[in-house]
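To start, the structure under review is shown below, and the notes come after it.
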Amino acid sequence: MFLLLLLFLHLKGLQAGQNPQKTTLQTTVPEKISSPDVETDAEDHMAYLITINETPHFIHLKKQSFITPTAVVYTYDRNDVQHSQPLSALENCNYNGYVAGFPNSIVTLTVCTGLRGIIQFENVSYAIEPVETLSGFVHVIYENTNKHAVIPDLGKNQSYSWFDESDYQFRSNMKKSGFTVLRQRFIMMDIIVDKKLFDYMGSDTEVVLQKVIQIIGFVNTMLSKLKLTVLINSIEIWSKENRIRLSKAVDDLLVQFSIWKHEYRSQHVAYLLAFEEHPASTGALYPGNLCKLEYNAAVALYPKGLSLESFSVIVLQLLSIGMGLTYDTENCHCTGEVCLMTPKAIYSGGVKDFSTCTLDDFKYLSTRQDLRCLQDLPLERKPARRPRRICGNGILEMNEQCDCGTLKNCTHRKCCDPMSCRLKNKATCGSGECCSQDCTVKMNDVVCRKSVDECDFVEYCNGKDPYCVPNTYARNGQYCESGEAFCFEGRCQTADKQCMSMLGKYVRGASFACYEEFNSRGDRFGNCIHNFCAFRNSLCGKLICTWPFKKLVLKANLSVAYAQIRDDLCVAMYKGGRIPKTTKTTYSNPADRDETFVNDGTICGPDMFCLRASCTETRFHMDSSKCDSTRDCNDHGVCNNLQHCHCDIGYNPPFCEEHKGQFGSVDDGHKYHVEDGKSYKQQSHSNLKKNQLQLILYISLPLLVMISAVVIKQSKLSRVCDRERSESDSSTTEDSGSNTNVTSSGGSTSH
């Protein structure tokens, strides 16, 4: 009975999500099994035994990599302050594959927090997800349907006015000769979730993030036949409020989003996922313009009651039309009953595939310049490897409740089992800088990471998490050393400090003449990586120090060259080793530099610092649109590495408004003052309005009194004048009456 109750509650939770029309509810406990692929390559393959409708099915999976190593998710807190978090933890969670014994089947799953995704057979799709209220890896499976969802077509007969077949090359005019074999290509994408969709999906950032990644996973599974993969560059969730004005007209919404996109996400394709209960169309974009920066934006509308599977088809169709593809005609055929580029694909369950028409069109389009933005290789992509859980390494990893270190060196013996990395008894936490020896999370404002430099900030326990908050430090390019140097990656970078670190406390950075002497040589003792340093980059190549001693430099594995420049004995260094054949300057890549090169961030001119052996202006590396110390920090703080204000003592974050005893930032973990749910910025705005009203009252009240006095005075004068005028008129009338009587008498007399 208790199990049934939990399942009922879970079903109600599902109904609050993306698709209330779920049928054939059943439970299963997926069993992880071995297979030849798993035995050969366990890093990239998985296999599960999953029971559906009382029939066991063998599921074979292969890793699906589409989250870039640098991908981030942006969210907003209750003060509307933006926070960013890397998506690297989810990079190796996505898989796709097939059901053994069913040639026309497709499986798309995420596996890091239970199995979530779609199992597609020929005519039916099943969704699977864990029952979080039950232990034992219990999952629920249900058939995906859209019986009551109102799904409009994405076509020219809808309100979607951007779609016009005249904008396209018709298939009949396409040259379909000389096609080459398709090669793997990639599309970099930024994804934005609007506030209404965030609320519709549950108002939980983690849940919404999971669903967005599932959607892109489904899209990539369908795109595999085109050898195309969408890479997630960023996901932004408008959890507080929408950043643009939303319009009922999807065309207007696209224009508004395009303007926002070009200001904040200008480098890649951007999609806005928005909720509309009963939309007139499924989205809008600029057809055939995927690779044009001014037009590579799209809006996908999520109708009420739609499944994630169906919405992924909408996104896929929009993406296809953006590439220049069109809807299938009755002459187009595919391996399954439903082709992807048809309206029917949105509300149909089961496997869907591209038609031969679409494949031919894509092969043709991929040879043209219109799709030049499709990359042959993902930029700076590292080999994706599934993280191995190592209990006892002191790092909290997937499926671990705690990790206090080895059995010998466990930091929280009373709280965490070092063999299983599970919490003991009733422990709240079992490892981390903010976990006490009593197995509870430490209070707010306890220091968990000290500052190591004037550019580095102190971090505090936030009272919620057992681990210290991420490191915060001054933004790159912030002044330090009384304005004589710059902060870079949390350190005040100076040549003096670097020379002392290399050769001892009495050694200092050399003069410009010494740098120019050595770094113009273009050899192993003086260079800017590839060759000699250009004049403007002289201070950014090899580190040159002044040597104050008469004896030679004696340091293991270090070769030194000397030069007497005026009054200074200058030294340049080279770490021993074989010089590569490809270069005479020891290195061919700035990323490979050693400590004998000038550190990035070292000053090289007015408002300029060294970066990758070049002297560059700091303003190019400080995004003032996101954070400006004058505009955003009230001139009582500096911008940190997360683009938020770190306030001086006596000023309250996030906007550095004056408040006794306050300091720091919203990122350093300490408890800053918030009043009535409003930040001090909001409070100051309300105070400003109040002061403005008081000022208006103070000015207008005397003015009203003066005006009233004048009006009263004028009224009195008017009454006096009227009385005098009345008396004058009365006197005149009496005189006229006397004159009349005399005349009449006279008249009588004359008769």
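Glycine is no exception: its Cβ is also placed from the backbone N, Cα and C atoms.
Swiss-Prot lists 729-751 with the feature compositional bias 'Low complexity'.
The disulfide bond annotation in Swiss-Prot covers Cys291-Cys373 (among others). Taking a C-beta cut-off of under 8 Å and a sequence gap of six or more, Cys373 (disulfide bond) has these contacts in its own chain: Ile187, Val269, Leu290, Cys291, Asn296.
Neighbours of Cys332 (disulfide bond), defined as other CB atoms within 10 A of its CB across all chains, total 20. Annotation note: Cys332 (disulfide bond) sits in a coil segment as assigned by DSSP. Under the heading disulfide bond, Swiss-Prot lists Cys332-Cys357 (among others).
According to Swiss-Prot, the feature disulfide bond maps to Cys334-Cys339 (among others), an assignment based on similarity to another entry. Within 10 Å of the C-beta of Cys339 (disulfide bond) we count 21 further C-beta atoms, all protein chains included.
Other Cβ atoms within 10 Å of the Cβ of Cys448 (disulfide bond), summed over all protein chains shown, number 20. According to Swiss-Prot, the feature disulfide bond maps to Cys448-Cys468 (among others), an assignment based on similarity to another entry.
Non-local neighbourhood of Cys639 (disulfide bond): Ala474, Arg475, Gln478, Met622, Cys627, Asp628, Ser629, Asp632, Cys633, Cys645, His646, each in the same chain, at least six residues away, with C-beta under 8 Å from its C-beta. Summarising the annotation, Swiss-Prot assigns disulfide bond to Cys627-Cys639 (among others).
The 10 Å shell around the Cβ of Cys633 (disulfide bond) contains 25 further Cβ atoms across the protein chains shown. Secondary structure from DSSP puts Cys633 (disulfide bond) in coil. The disulfide bond feature in Swiss-Prot is assigned to Cys633-Cys645 (among others); the stated evidence is similarity to another entry.
The feature disulfide bond is assigned by Swiss-Prot to Cys647-Cys656 (among others). Residues near Cys647 (disulfide bond) in space but far in sequence (CB under 8 A, at least 6 apart, same chain), listed by position: Cys633, His636, Gly637, Pro653, Cys656, Gln662, Phe663, Gly664, Ser665.
Residues or ranges marked as domain 'Peptidase M12B' in Swiss-Prot (evidence: sequence analysis): 185-378.
Only residues 6 or more beyond the boundaries of the domain 'EGF-like' (623-657), in the same chain, are considered here, and those with a CB under 8 A from a CB of the stretch are 79, 81-84, 457, 470, 472-476, 478, 490, 663-668, 672-673, 679-681, 683-684. Per Swiss-Prot, the feature domain 'EGF-like' maps to 623-657.
Per Swiss-Prot, transmembrane segment is recorded for 692-712, and the stated evidence type is sequence analysis.
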For this session: Calculate the distance in Å between the alpha carbons (Cα) of Cys357 (disulfide bond) and Cys334 (disulfide bond), and round it to a whole number.
Result: 9
For this session: Pull out the disulfide-bonded residues from the set Cys332, Cys448, Cys468 whose C-alpha sits within 10 Å of the C-alpha of Cys339 (disulfide bond).
Result: Cys332
For this session: Round to a whole number and give the Cα-to-Cα distance in Å for the pair Cys334 (disulfide bond) and Cys448 (disulfide bond).
Result: 60
For this session: Which residue among the disulfide-bonded residues Cys468, Cys645 has the fewest other Cβ atoms within 10 Å of its Cβ, if you could check?
Result: Cys468
Exercise. Per DSSP, to which secondary structure element type does Cys357 (disulfide bond) belong, with helix, strand and coil as the options?
Worked result: helix
Problem set entry | For the domain 'EGF-like' (623-657), residues assigned helix / strand / coil by DSSP | 0 helix, 10 strand, 25 coil
Exercise. Across all protein chains in the structure, which of the disulfide-bonded residues Cys291, Cys334, Cys357, Cys656 has the highest Cβ count within 10 Å?
Worked result: Cys656
